[in-house]
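According to TrEMBL, the features are:
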- Gly340, Lys341, Gly342, Gln343, Arg344, Gly345, Lys352, Ala353, Gly354, Lys355, Thr356, Ile357, Arg383: ATP binding site (BINDING)
- 92-104: compositional bias 'Basic and acidic residues' (COMPBIAS)
- 130-153: compositional bias 'Basic and acidic residues' (COMPBIAS)
- 189-198: compositional bias 'Basic residues' (COMPBIAS)
- 199-213: compositional bias 'Basic and acidic residues' (COMPBIAS)
- 219-297: domain 'Rho RNA-BD' (DOMAIN)
- 78-216: region 'Disordered' (REGION)
Amino acid sequence: MKLPELRELAKEMKLRGTSTMRKPELIERINEARQSSAPASEAPLIELSEIKSAPARSRADKKADKVIDLGVELPVRSRRKSAAVSEEEQAEREASRHQAKADLNDILSALPDRSERERAESIAQAAAQREQRGASHADRRNRISRVDRARLDEESEKNERRSRRYDRAESTEESNEDDNNERFERNNRRNNNRNNRKNRAENHEEQQVHEEQQPEEELIRVAGIVDILDSYAFVRTSGYLPGPNDVYVSMGQVKKYGLRKGDAVRGFIKTNRDGDRRNQRQKFVPLQSVEAINGLSLEEAAQRPQFSKLTPLYPQERLKMETTPVNMVGRIIDIVSPIGKGQRGLIVSPPKAGKTITLQNIANSIKANNPEVHLMVVLVDERPEEVTDMERTVQGEIISSTFDRPASDHTIVAELAIERAKRLVELGQDVVVLLDSMTRLARAYNIAAPASGRILSGGVDAQALYPPKKFFGAARNIENGGSLTIISSALVETGSKMDEVIFEEFKGTGNMELRLSRELSEKRLFPAIDINASSTRREELITDPAEMAIIYRLRRALGGLEPESSYQQLVGRLKKTQTNAEFLRMMAQQSN
C-alpha cells in the first residue's frame, strides 16, 4: 500500500499523530493497533495459495510501493526424499511448517485485507475524483471568471464609450449653445451698432437742419494765430501772447485742416448763451470751423510746402538801406555791410551805443525801399517805453514782451513770431525779422527751460542756447522764391560773463555783422558804427562789381586809421554828397 492509503487507514482506525510518520513506523503502529483490538489467536489463518490468489495490485501501485522486508526467511522446499527419512526429521519439518504458517499468518494479519484495500482504494479514488472535480470546478470557475471578466471589461468599455459619446454630445451641444449665444450677441452688437450709426446720422442731419434753420448771428467770425502745444492748440486772438479771448482748437481739427504753428486762420465760433451750461464750464470757446488759412482756401493750404524742405541759398537780392541824404545809418550800412534778402545779421553793440535807433532806421529803410517785404519787429525783455516808441515810428508788425513779464512769455512770443515768419516764407513771401535782442532771448530761455545739468561758464545752461540758435538759423534765402531775413542785436561789454558766452556762441552763425563802438557813442558820434569791424560775407553777390572795386579801395584806405578817424573821414565825405552813387563816383575820380 502507498503511504496515503496507509494514512487513510490510520485515520479510519482513529489513530492520532500519524501524519508525520514514515511508512515503516505507520505500518508498525497499525499492527500494534490491530493486535490490541483483535488477539492473534482469533486472527484468520490464510494459506500461501490464498496469498498467491490475492488480486494483484495495479501496475501503478506496484511501481509506487516498495517491497517490505519482514526479516523472516521463508522455508525452501526441498525435494522429497525417500521414505527412508526418519520420523524425527519429519516431525521437525512439521514443526517448522507450523511455525512458518504461524509467522505467515502474523504477516498477513499485519496486512490489510481485501475489503479494507478496496475501501482504501475507493477512498483514494474518491479523493482523486474530488480533487479532479475541484480542479474541474476551479477550471470552470476560472473560465467563468475569465468570461465574466471579459464580459465586464467589454461592458465597462461599452459604458466608457457610451459616456464618451455622451460627453462629446454634451460638449457639442454646449459648444453649439455657446456659438448660438455668441452669434446672438454678435448679431445684437451689429444691430446696436447699426442703430447707433443710424441714430447718429439722423442726429447729425437734424443738427445740420437745426443749424441751417438757426439765424447766422449765432456764429461769430474769429481770426488769429494758431499756437499748437503738446496735446491741444489755441487761436491767439489778442496777439502772440495767451489771452482770455483765445479759441480752443482740438488736435483732431489740427489734423483735419492741416494747421501748423503760426498759421493765420479765420473761422467761426458759437456765441455763449446764458442757458448753455456746457459752455459756461469751459474756459475757452471751441473753434467750430475754419474758413481760410493764411488767406488761402483749405484746398490751397493743403498744397503748401514745408519750410524745412526748402533749399537755402546765399542772399542774391539787395535790401537798399539808403533813403535820404541825412540818413547816415542807411548810407553807411550800404557801403560797409550791405544787407540782402535772406541775410542773417548781428548788430554787435555795447550798452547805450544806439542799437535801438539803428534798428528803427533799418526798419524804416526797408519799409520805404522794399514795401513788398513783410516786416516783423520782435522786442524781447525790452522797456515798455521803447515798445511804444517802436510802434509809433515803425510801420510794421510789432511783437513785444516787456521785461515785467515772465521769461516764459518771452520764449512764447519769440517762437510764435518765427513760426509765423516761416509760414509766410512757405507762401513765397519775403520776410524781415528784427530782433532786439538775441542776448535777452537767450537769457529768457536759460531761465524758462528746464535744467539739463550741463552748465557753461557764466551760468548758461547748454540746452538753453539751442532755441535761440534755432530762431537765428531760420534766416535763409529760398531757391524758388521767398526769403527770411533776421537782423538781431547782441550785447557786448556789459561786464557779464553770460553775455560774452552768448555772443561767442552766435558770433560765427551770422553772415553779416554791424559793430557799434562805445568810444564813438561816448563822444556822441552817431551813428557809432565801427567801419573797419563791420562786414558782410559774400557781399559781391549783392553789390555791383564796379562799386565793389571802389569800396575795396576805400576800405584799404580807411583800414590803417583809428576807428574815430576812419569814421570822421567817411561821414564827412558822405555829408558832402547827396547819394552813395555820387560819393563813389567822387572817390573814383580822386583815385584816378
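Each residue, glycine too, has its Cβ placed from N, Cα and C.
On the structure: features taken from TrEMBL.
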residue	record	DSSP class
Gly340	ATP binding site	strand
Lys352	ATP binding site	coil
Arg383	ATP binding site	coil
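Residue counts for the domain 'Rho RNA-BD' (219-297) by DSSP state, with H, G and I taken as helix and E and B as strand, are 12 helix, 34 strand, 33 coil. Around Gly342 (ATP binding site), the same-chain residues at least 6 positions away in sequence with a Cβ under 8 Å from its Cβ are Pro312, Leu313, Tyr314, Pro315, Gln316, Ala475, Arg476, Asn477, Ile478, Ser483, Leu484, Thr485. If you compare every pair of Cα atoms in Gly340, Lys341, Gly342, Gln343, Arg344, Gly345, Lys352, Ala353, Gly354, Lys355, Thr356, Ile357, Arg383, the residues listed for ATP, the longest distance is 29 angstrom. Within the model, the domain 'Rho RNA-BD' (219-297) shows a mean pLDDT value of 87, rounded to a whole number. In the compositional bias 'Basic residues' (189-198), helix, strand and coil residues by DSSP number 10 helix, 0 strand, 0 coil. Other Cβ atoms within 10 Å of the Cβ of Arg383 (ATP binding site), summed over all protein chains shown, number 13. Listed in sequence order, the residues of the same chain lying 6 or more apart from Gly354 (ATP binding site) and placing their CB within less than 8 Å of its CB are Leu516, Ser521, Phe526, Pro527, Ala528. Thr356 (ATP binding site) has a Cβ environment of 20 other Cβ atoms inside 10 Å. Annotation for the binding-site residues Arg344, Lys352: lowest Cβ count within 10 Å of the residue's own Cβ, Lys352. The Cβ of Gly340 (ATP binding site) lies under 8 Å from the Cβ of Tyr314, Pro315, Gln316, Glu317, Arg318, Leu319, Asn477, Thr485, Leu541, Ile542, each of these being in the same chain and 6 or more residues away along the sequence.
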